[in-house]
């Protein structure tokens, strides 16, 4: 795979001056998880590279996604009348999700413990986090599925966008304020998801068929939790932090256009994917929901990673992600009816292109920054001079 220099010389110069600045005010994180992570990191060997910890945690989420794709590809396995996912899969999903969450919490602590913190480590961590959103959302969806007591695939599509928007809000904050305010919803959701998997293994998916209070189903709690985290916690806190920076005259972008520029590509991606869903001649989201979610989540991760690069290097955000141009042409062809007979094949082909493009981008950026900082991305050892 040929590598490409995605990080400009101006951005490399910005990375040289970068200093990590984050604020975590979540009580769950401060009083429960950080003490736990501090205990965990002490037992890790000092030779274990932080980026390897980060990557291992991410792969646990991918493994969850792959296992559940095998047992529940169409999200029907939890519905009444269908062959259910084996109990051991839910146990594994709960353990893997909690391991991923734990490793995501200790990688930075390991970096500080071994004096190996670099901007590349933070970029690698947050870049994988942006991609992880689609994997844990799709995996937990299998708990309720799309049956009568479950969640429709269109509803889940919009809930996925709520999660994606919640994620990018934090990096939009940092793009404008220079400080990463860690969202409260993340820690709560990860602990809850891990518990839900284990409970599902114990009581079975049949438990979710019945309302638990009046006519309120567990799937309704699932939806309210996602929407509630965004509209009652994440969004108000983000707007407050940006407003506070504006009032203290520490806002990095005084122009409204420049301040909201990071939302342009995500908005266009949302419009294009939603047009595809709404006007698809074969009702593609009903036919291939997993592939469609993966395509949208990966394209979003690519957009977000490029924002993180600009935010960390203190450079201007790119107005338009290049992946949106062929996607716009593709959606236009589908809407004109030229690809009616091959829409599923086109979706799989485009999903493959997006996956390869994003992996190529990630590998290229890691290679470029590793060379710039003269480090190995997955080792504590520096390369020898010869």
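Note: Cβ is positioned from N, Cα and C throughout, glycine not excepted.
Ranges compared are 123-144, 365-386, and TrEMBL records transmembrane segment for 123-144. Against the transmembrane segment (52-73), the recorded stretches 123-144, 255-279, 345-363 differ in Cβ pairs under 8 Å, and the greatest number is found for 123-144.
Cβ atoms under 8 Å from those of the transmembrane segment (150-170) belong to residues 75, 78-79, 129-130, 133-134, 137-138, 141, 144, 180-183, 185, 208, 219, 222-223, 226-227, 229-230, 234-235, 238, 262-263, 266, 270, 277, 285-286, 289, 292-293, 296-297, 300, 304, 307 of the same chain, restricted to positions at least 6 beyond its ends. Simply put, out of 123-144, 191-210, 255-279, 291-309, 345-363, 255-279 has the most Cβ pairs sitting under 8 Å from the transmembrane segment (321-339). Of the ranges 191-210, 222-243, 255-279, 345-363, the one with the most Cβ pairs under 8 Å to the transmembrane segment (85-103) is 191-210. Within its own chain, the transmembrane segment (222-243) is flanked in space by residues 140, 144, 151, 155, 159, 162-163, 165-166, 169-170, 172-173, 176-177, 179, 181, 183-185, 188-189, 192, 251, 259, which lie at least six positions past its ends and keep a Cβ under 8 Å from the stretch. Only sequence-distant pairs (6 or more apart) were considered; of these, at least three Cβ pairs between the transmembrane segment (255-279) and the transmembrane segment (291-309) are under 8 A, so the stretches are in contact.
By number of Cβ pairs under 8 Å, the transmembrane segment (291-309) is matched best by 123-144 from the list 123-144, 191-210, 345-363.
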